[in-house]
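The structure appears right after this line, and notes come after that.
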Amino acid sequence: MNLVNNFSKLFPRCLTTGLYLWSLYAIVVCIHVIRARVVLPLVFTIAMVALYTYAKLIYVGPGTTKEYSILRVYDLNAAESGFELPPEMLVKRSYTQKRNGRFRVCKSCSSWKPDRCHHCSTCNVCVLKMDHHCPWFAGCVGYRNQKFFIQFLIYCTVYSILVLILSSMEIYTWFKGEFFEVELINFTLLSLWLLALVVSISITIFTVFSISQVCQNQTTIELYSLRRYNEEVAFLNEFSNEPIKGTINIFDLGKKLINWEEVMGYSLIEWALPISRRPSSLDLEGSHSHGLFFNVNKNVSKTMNESVDLQDRLLRRLTPRSSLDVDRSNFV
């Protein structure tokens with residue numbers, strides 16, 4: 001089992017690294033339309049920065065609840081029954097709870113789950129501000145490494161587009177010179193072009209999506225959770241004379257730049273280079289750097305709290321089961 005787990009982690013990492021190194025080799029061997037002294041330094045620099053960011057993305061990790069002893073649950077039954085309570089500082093600054101109003105707890109990790117924290121069944125840990133599990137580096141994207149993940153995507157996009165342009169120019173020159181009449185096209189060049197074409201299209205789409213998520217201060221999990229929650233609200237409204245408003249992301253601070261800075265940092269250097277994000281004066285007593293608490297949109301929070309009673313009354317009217325009791329922002 002350990003051998004299988006190790007292979008499943010090493011294979012995508014070796015594959016990604018290998019593709020970068022092979023593409024560099026292919027560029028050196030096949031690209032002649034532009035002088036090597038002009039192309040190679042630029043391509044090599046982008047590739048090395050991307051690989052360094054990739055390594056840092058893996059090394060830093062997403063951050064987990066196991067790193068904080070204060071989140072440990074000593075008796076799961078007592079926690080589920082409400083006899084063991086989460087740390088007071090966690091309760092005061094948290095906005096997401098279970099449908100029955102109790103604080104979220106992970107039975108697998110025996111730990112309390114802060115806002116935006118979710119259990120990854122593949123990694124078997126609770127990840128702080130979990131975005132998704134990425135198969136391309138066999139790990140999770142979370143609070144600590146989300147910045148490096150976004151930067152890696154940007155570097156990959158720039159690199160793949162640059163390689164596509166160079167290989168396309170080389171193939172165009174080959175056709176224009178009518179070399180196809182006397183020789184077959186270089187297989188390595190053709191492979192490089194096809195790889196660059198596929199990767200540049202797919203990675204560009206995913207990069208744009210990921211950046212838009214950061215600008216909304218929203219994780220992939222929260223995106224689908226919000227959709228599901230609003231669908232439930234729409235269903236409940238069919239039976240109500242007092243419609244409940246759908247909700248929006250409570251962590252969206254209202255401006256794209258502010259949301260971007262929450263993840264990527266507060267300076268151009270932090271945005272461009274794979275360096276750790278510096279805390280700011282907006283952080284909640286330094287806790288924001290730990291991934292346990294997050295700044296929220298006060299207007300959204302106020303609106304959501306005002307609608308709780310109405311939603312709770314409607315749910316109780318539709319069913320007597322307490323499992324459907326809703327407290328605060330249960331959309332996550």
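Cβ coordinates are placed from backbone N, Cα and C, and glycine is handled just like the others.
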Task: Asn2 / Pro86 share membrane side in Swiss-Prot - done: yes
Open item on the list: Should anything in the same chain at least six residues away from the topological domain 'Cytoplasmic' (1-13) have a Cβ under 8 Å from its Cβ atoms, list it; otherwise answer none.
Closed with: 58, 135-139
